[in-house]
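First comes the structure, then the notes that go with it.
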Amino acid sequence: MANVNNLGLTLEQLARLTVVDHPLVQHKLSILRDEQTGTKQFRDLVRELALFEGYEATRDFELEPVQVKTPLEECTCQHLAGKKVAIVPILRAGLGMVDGILDLIPAARVGHVGMERDPKTHEPHEYYCKLPPDVEQRTCLIVDPMLATGGSATAAIQYLRDAGVRDIRLLVLVAAPEGVRAVLDFDPDVRLYTCALDRELNGSAYILPGLGDAGDRIFGTR
Ligand code: URA
């Protein structure tokens, strides 16, 4: 596995990278990687890991005081200060992470970004995109289990920036060093969350050791 200190990131970029290394996350990720893990369990684990990661990625959400009357007395408590959120899965594997985040933030809106790579230019381009109408007022959590070259992720970030979104957080489960550098170099404000930093990409842009094709494993299409 890669070490966060060997990625050649600046201190400012390191501050925008969070590796969610909680023991439960690492345990579940090991099962996720196992080639013997079947479709249902894989899907369930992607959802659970997205929930854990969503918990970390919302840690700085602001609170405001609220008066609550318990059965014994009134007290001042805290509730969320009404930050509006959109979850934006990159199709198709990102869909597997949506429900885990919705478990945490049930009122979040869900946009979709479909990117495919042009076979000649190798540049990603959008084939389907639909965002909530007030997306520019929302914190956008882009979700995609695998961050490989960073091509789709940077295209999705650009799409959201063009739509006026200011607060963008990218949540992936497994990242290659190449993708981490590409994303943090591309956008000076995006924050990146991953459960694992893997070693490298192979010649077909699969992450090593990785977990194979996340979309195929979530949808049972391999
Ligand atoms: N997408 C995947 O699903 N797996 C990889 O290893 C890389 C990109």
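Heads up, the Cβ atoms here are built off N, Cα and C, so glycines get one too.
Per TrEMBL, the feature 5-phospho-alpha-D-ribose 1-diphosphate binding site maps to ARG92, ARG117, ASP144, PRO145, MET146, LEU147, ALA148, THR149, GLY150, GLY151, SER152, ASP213. All chains included, 15 other C-beta atoms sit within 10 angstroms of the C-beta of ASP213 (uracil binding site).
The uracil binding site feature in TrEMBL is assigned to ILE207, GLY212, ASP213, ALA214. Within 10 Å of the C-beta atom of GLY212 (uracil binding site) sit 15 other C-beta atoms, taking all shown protein chains into account. Secondary structure from DSSP puts GLY212 (uracil binding site) in coil.
Looking at the domain 'Phosphoribosyltransferase' (19-221) alone, the prediction's average pLDDT is 96. If you look up TrEMBL, you'll see 19-221 marked as domain 'Phosphoribosyltransferase'.
Note: the CA-CA distance between SER152 (5-phospho-alpha-D-ribose 1-diphosphate binding site) and ALA214 (uracil binding site) rounds to 14 Å.
Within 10 Å (C-alpha to C-alpha) of ALA214 (uracil binding site) lie the following binding-site residues from ARG92, ASP144, MET146, ALA148: ARG92, ASP144, MET146.
The two recorded residues, GLY150 (5-phospho-alpha-D-ribose 1-diphosphate binding site) and ILE207 (uracil binding site), have Cα atoms 12 Å apart.
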